[in-house]
Amino acid sequence: MFRQEQPLAEGSFAPMGSLQPDAGNASWNGTEAPGGGARATPYSLQVTLTLVCLAGLLMLFTVFGNVLVIIAVFTSRALKAPQNLFLVSLASADILVATLVIPFSLANEVMGYWYFGKAWCEIYLALDVLFCTSSIVHLCAISLDRYWSITQAIEYNLKRTPRRIKAIIVTVWVISAVISFPPLISFEKKRGRSGQPSAEPRCEINDQKWYVISSSIGSFFAPCLIMILVYVRIYQIAKRRTRVPPSRRGPDATAAELPGSAERRPNGLGPERGGVGPVGAEVESLQVQLNGAPGEPAPAGPPDADALDLEESSSSEHAERPPGSRRSERGPRAKGKARASQVKPGDSLPRRGPGATGLGAPTAGPAEERSGGGAKASRWRGRQNREKRFTFVLAVVIGVFVVCWFPFFFTYTLTAIGCPVPPTLFKFFFWFGYCNSSLNPVIYTIFNHDFRRAFKKILCRGDRKRIV
């Protein structure tokens, strides 16, 4: 978003330009090089070609990965959950960074001056801050959505409609715009010590101390702090609910941990529709929900415990299944509903055995419960393993976010308070921040089976017609 140059007059710096021989102007101007000769490029031909190739690969990888995310969400039924609209909006922001920002940053870097005129300079600066800030705020919104879906369980999942998600996305873009547009409103033209315009056209953003500090807080430090606190809280909840083995939990204790988990809802979100019974299964589904990346839905009803998710009823209800499996499910599903209809309003719900993992699973009798000790122990060990994997996912999500953006925003803030930062180091941190746009598709999809399956169908020509 911002680039540093050699020290400028009045403590300003050039946010987008490359190292320049003149260091006295903090505004855009269109004067020619002294003597009317050709401008000297800041890099040799070999270095320039290397930079162009690296930046070109970054742009291609960013566009390709994020386009795959968008296509997968809109073509795969298993990914049509409302919360996946966050991923679509995030991918769109990253694509815009790669197409409308990085190319001009690259040209400005290798040419050593701004070639594209004053009007586009101001638009470019605003778009740069807007798209990069939007990408970061999207990650923060995804973490909050995940936290609410866990702490409020069924209640929030019922409210998580496409309209609500779209409203949150609009809010994300509005916040990003509020952070991005002040530079245009308070854009000042400064001159060097001599009062003369510089020899090269330059494109620089507002370098006032108040804006540097406020934009750094709004664009990075505040969202980063929110993400870290939210994910720490999510991990604490998961750790507390998996510390005690299911054999030591009572039905009442388990039901009390998640609001609304002990009673059947009039909308059908009970055990028949992917909800879980009051014997510890809901806690296990919570843990598996945490095991995925933010915003990812779980596949519907497979036997694998990793696929259990409290959000099944709203996210993966239409997950892909072989044609024969749909017909074979009608019998057990109908039987399960018939048994549920026989439960009177005052009766307690039947307890589920340890093997009940999917939709319409049969209830367990006393004999099954007595022989289920080994299965419970196995599931307990599975939950411990999932907790470790969940820790790894959190480390990836938070670690990559901080590693990509913290160095830039930290050094950017240092320049506002007068601390000198080596220009080469600042440039490296600036481009390293752009890498986050290309890594988002990897971070938020590599741990999700539905995305991997959708990507395979998109990339394999023979299977394209079978995408559902």
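Backbone N, Cα and C atoms are what each Cβ position is placed from, and that goes for glycine too.
Bear in mind that the values here come from a model prediction, so they are computed numbers and not experimental data.
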Go through the topological domain entries in Swiss-Prot and note whether Arg146 and Pro420 share a side of the membrane.
no
Among Asn25, Asn436, which is the one flagged in Swiss-Prot as N-linked glycosylation site?
Asn25
Based on what Swiss-Prot records, which one of Cys53, Cys121, Cys132, Cys140 is disulphide-bonded to Cys203?
Cys121
A correct count of other C-beta atoms within 10 Å of the C-beta of Cys460 (S-palmitoyl cysteine) gives 10
Tell me, what is the mean pLDDT of the topological domain 'Extracellular' (112-121)?
85
Structural state of Cys460 (S-palmitoyl cysteine), classified by DSSP into three states:
coil
With helix taken as DSSP H, G or I, strand as E or B and everything else coil, how many residues of the topological domain 'Cytoplasmic' (75-85) land in each class?
8 helix, 0 strand, 3 coil
